[in-house]
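Since the structure comes first, as structure tokens, the remarks are kept for the end.
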Amino acid sequence: MSSCVNTSQTGPKKKISFIIRDEHEYSNRSAVSALQYDAQNGRLFTGGSDTIIRTWSVPHHKDAFSARGGVRSPGKNSPVQYQGSLEQHTDWVNDMILCGHGKILISASNDTTVKVWNIERDNKHGFIDCIRTHKDYVSCLAYAPIVEKAVSASFDHNIFVYDINANFKTVNNLIGCKDSIYSLATTPNLSLVLGAGTEKCIRLFDPRTNEKIMKLRGHTDNVRALVVNDDGTRALSAGSDATIRLWDIGQQRCIATCIAHEEGVWTLQVDSSFTTVYSAGKDKMVVKTPLYDFTKSQLLFKEEAPVKKLLLSEKDNPVSLWVGTWKSDIKRWSIRPSAQLSIGGDEDGPSTSNANHSVSASSSPPVTFKYIRVKDQKGQQSTPELVIPGAPAIKKHAMLSDKRHVLTRDSDGNVALYDVLAARKIKDYGKRIFEEVVDENSRQVYIPSWFVVDSKSGMLQITLDELDALSSWLSSKDAGFDDNDRETKLNYGGMMLRSLFERWPPCKMTNVDAADADDVQKATLNFISLPEHTPLIICEGNGRPLYRLLVGDAGKEFEANELAQIAPMWVIDAIERNQLPKFNKMPFYLLPHPSTNPKQPKKDRLSATEMLQVKKVMEHVYEKILSTNDDITVGSIPLNQIHTKMEMYCNDQRLEPDMDLRTVKHLYWKQSGELLLHYKPVK
């Protein structure tokens, strides 16, 4: 299945990307920032920085098991079963909501889109629609179940409302936020929408009139999470200022502040009675706090990494909590009441006044409750009741000097080598020192960069653009191919494009045999067939995705037709018309080496392709200069032995005959001016 928006081929410049990954990505990689639980069917939906939404069959609490050691891998004997993946996003998944009576999942992503999925149990494909109302990262979603409306908010300052029953038609654009929006909440009947973010204030809207109602101030840093009660009278907010604030919406003011956390609070969950809040964030602590008394915060447990998302498995009398963190593991923790924890007051429990305390709606000033050092408490739980293990994510990468291979180190400390042209991992080094392996694989060669690599998804993503993709010419020998022919020139970018579009009919039609190929056609003949599961993405110059498909699907009728409409013209020119840029010319000067004490050194200015080898320059010097110079005596020798009778230098560094001028200039000359070479006969 593919996702596409039609744009003219003559419009803004486009890029193409592909992801190097396993055929089946069963486990989350890196951070998990979005969770939804379908209690009726026992399904958990997870999403995060690896762009993939996964579905898991998980046991109910009565089937929960002792998690000593946790779950190590999905399998027949595991209580957790991987069910499938939803793969259309091209960047981090930030939020998800279940709607349509549990039949529809909506997801929001940094790829600027909101996507709609059919998640009925008998539907394996899922993708319904792609909503492109936003122009920047879509950070959060909210759901009004009574009226079947969904709400999205973005870094583009906009809040949109969609009618689920009308094919997700956009029915409102709530305008008024002046900065990026990080958090969103709505009442079940959509009578009120709250949005907040980097403005440090909370804005309230009435979607029925599209009007701004009020603005709530109090946070001193970004507001990262919002919750509102069903009747729209109270709201909770959490911020990077490490506070949780309770608001009386009627009075338009903060009536209580909780400062139990040490660092930013990023996620909140509240039970259905709006009496208890569960919070977590950067300090890794998961805390339970009764709303009637913010001094009664209890440390439930502490995670191994900052917490991105909390999700109660049920809102009525909750007994467990799903947790997603900056790590790839997902855990379910029991939050059943354990032994009574005494916090404040005397040892017999809270005082009568505290126990009966409720937040007053009077005109009294906001209350900041006494600080309780939650971090000094012993957590009520030490082991999760369920663990869905994640996979290691690539955390560091380096492009090698050959501009074909990328070395990586993952979150487990393992080092691996990837071949970009083949879109595959080709070697595992285990737990080695990264820099040492880079040095082992580095060569004394300069090749222009023709792609950009990033690993923010936990996997390698390779991006090619019009300016650089076809700039990398090199000899077949330098490219590492078996023929070792320095006369045959290859273009890495052209080869990569042929690999990516190999199955697309217009590309197939231009394939030729080596015997019949001209020099331009030979430049891409050695392309490598890629794994069919490789995702291919066409995007705008700013990275906004236009089309996503699998490399193996490019030959299918629907995908082929879409590619014909969306493929960038520079790609079509390269693979359909064999149009590649010409070799770059490089001017350089030749002078006798100062050690030869030339009487009147003549400075010859020449020009050649930047891939010309030093030994070719030596042949020129031998034939045109040394052989006619009465002051220098050289014997008559075969051209292929000239390097035994003379040497070439740049900045007093002796050059290897197999080096090309491009490498000499970038590794030895290192100046903006024209290259200067010295020659010296060997006696």
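Keep in mind that glycine also has a Cβ here, set from the backbone N, Cα and C atoms.
Computed from a predicted structure; not experimentally measured.
Listed in Swiss-Prot for this protein:
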COMPBIAS  351-364  compositional bias 'Low complexity'
REGION    341-364  region 'Disordered'
REPEAT    27-82  repeat 'WD 1'
REPEAT    88-130  repeat 'WD 2'
REPEAT    133-167  repeat 'WD 3'
REPEAT    176-215  repeat 'WD 4'
REPEAT    218-257  repeat 'WD 5'
REPEAT    260-299  repeat 'WD 6'
REPEAT    302-343  repeat 'WD 7'
REPEAT    389-428  repeat 'WD 8'
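With a cut-off of 8 Å between Cβ atoms, the residues of this chain six or more beyond the repeat 'WD 8' (389-428) that come close are 18, 20, 25-30, 32, 49-50, 70-73, 327-330, 434, 437-438, 441-451, 453, 455, 458-460, 462, 472, 478-480, 492, 495-496, 499, 527-528, 530-531, 534. Helix, strand and coil residue tallies for the repeat 'WD 5' (218-257), in that order: 0 helix, 22 strand, 18 coil [DSSP].
Only residues 6 or more beyond the boundaries of the repeat 'WD 4' (176-215), in the same chain, are considered here, and those with a CB under 8 A from a CB of the stretch are 136-137, 139-147, 149, 151-155, 157-159, 161, 221-232, 235, 237, 239, 247, 249, 252. Confidence for the repeat 'WD 2' (88-130), expressed as mean pLDDT, is 90. Sorting the repeat 'WD 3' (133-167) by DSSP state (H, G, I as helix; E, B as strand; all else coil) yields 3 helix, 18 strand, 14 coil. Proximity of distant same-chain residues to the repeat 'WD 5' (218-257), defined by a Cβ-Cβ separation under 8 Å and at least 6 residues beyond the stretch ends, is recorded for 182-188, 191-192, 194-202, 204, 263-270, 274, 277, 279, 281-283, 289, 291, 294, 359-361, 363, 366-369.
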